[in-house]
Amino acid sequence: MSKKPVRVAVTGAAGQIGYALLFRIASGEMLGKDQPVILQLLEIPDEKAQNALKGVIMELEDCAFPLLAGIEAHSDPLQAFKDTDYALLVGARPRGPGMERADLLAANAQIFTAQGKALNAVASRNVKVLVVGNPANTNAYIAMKSAPDLPAKNFTAMLRLDHNRAASQLAAKTGTKVGDIKKLTVWGNHSPTMYADYRFATTNGQSIKALINDQVWNAETFLPTVGKRGAAIIAARGLSSAASAANAAIDHMRDWALGSNGEWVTMGVPSNGEYGIPAGIVFGFPVTTENGEYKIVEGLEIDAFSQECINKTLAELQGEQDGVKHLL
Ligand SMILES: NC(=O)C1=CN([C@@H]2O[C@H](COP(=O)(O)OP(=O)(O)OC[C@H]3O[C@@H](n4cnc5c(N)ncnc54)[C@H](O)[C@@H]3O)[C@@H](O)[C@H]2O)C=CC1
Ligand SMILES: O=C([O-])CC(=O)C(=O)O
């Protein structure tokens, strides 16, 4: 018997990430080739954005995806999030000329407060939320705080692009295949302060740290390359990462929904105090996933260098959280 369709809400659906994301969700790459989906798409109530969304919907129709059981276009989050099982919050206010970080935080705080409240009011009580729009960790924190009737653990932020970027750099450095890399993680904020940590990672069962054996490369080449990769893409393309961001969103949601088969993946999730990260902070952690739930990998040793990196990214997140405190 065929499965009942699930509802997938995507915000910023007419944007660049949306264009790289929707077709893959509709073809079954996120939730499985046997799972029908209804897409509930949200864009701002602006003629140009709504027209662009119509065009994307026409293209989705023209793909004749057998798993696509319905498509809706909305400009109101209370409609877009109705009964939704999955919510990918991609749309966010980009930084404009002369805008300071605090202005960006305030503009996005408004968006994610409203969307958190709407999820709280109308989404499935088990909705799984992924925040992609930047600043992703803090936006996820705002949405979570604005949705007190939903489980906090259902609000997550996207660190998977950083994880995938790190895996790719390590595969190149060790001359091995990216698919052979296990037990990699990225701690902290989705920003240049994130700490990509390969101390536990293996490739074909061999320790990557032992293979590379070069802390100067780690500190002076690897970490800045992964941390500044978003800026490098913008410099090269004139636009920020879109296909790779959409790919990471698919990876994040697929693993959360369908399981990681015991492998570590990185998710930004609210801390329960693990590794000394204050409860509630949405932080990149190593997790394993099973039966639609994630579990933080605990008990890893944190050495002095790693602690310093974790403290730095935590301090940045706490600064962001302080910057929006008065709005929550
Ligand atoms: N977490 C991560 O790893 C990454 C995050 N990003 C972030 O993802 C976000 C989206 O990126 P792009 O698709 O390239 O941007 P984009 O500007 O091409 O598209 C964003 C879309 O969101 C819409 N939007 C804005 N506010 C909205 C709201 N309140 N409700 C619904 N829709 C809204 C806009 O109309 C626009 O169509 C940006 O914040 C970007 O910085 C990008 C790459 C990686
Ligand atoms: O850097 C940006 O603006 C987009 C982003 O988050 C990334 O590519 O990691």
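Cβ atoms are placed via backbone N, Cα and C, with glycine included.
If you check TrEMBL, you get these features:
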type     : residues              : note
DOMAIN   : 6-155                 : domain 'Lactate/malate dehydrogenase N-terminal'
BINDING  : R95, R101, N134, R165 : substrate binding site
DOMAIN   : 160-325               : domain 'Lactate/malate dehydrogenase C-terminal'
ACT_SITE : H190                  : active site, proton acceptor
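Highest Cβ count within 10 Å among the recorded positions R95, R101, H190: H190.
The Cβ of R165 (substrate binding site) has 23 other Cβ atoms within 10 Å, all protein chains considered. In the three-state DSSP scheme, N134 (substrate binding site) is classed as coil. Counting residues per DSSP class in helix, strand and coil order gives 67 helix, 28 strand, 55 coil for the domain 'Lactate/malate dehydrogenase N-terminal' (6-155).
If you take the CA of H190 (active site, proton acceptor) and look 10 A around it, the binding-site residues you hit from R95, N134, R165 are N134.
For the recorded site, R165 (substrate binding site), the DSSP three-state label reads helix.
Annotation for N134 (substrate binding site): same-chain Cβ neighbours under 8 Å, separated by at least 6 residues, are A92, N108, H190. Following the DSSP three-state reduction, the secondary structure of H190 (active site, proton acceptor) is coil. Under 6 Å, Cβ to nearest atom of ligand 2: this is the test, and of the binding-site residues R95, R101, N134 it is passed by N134.
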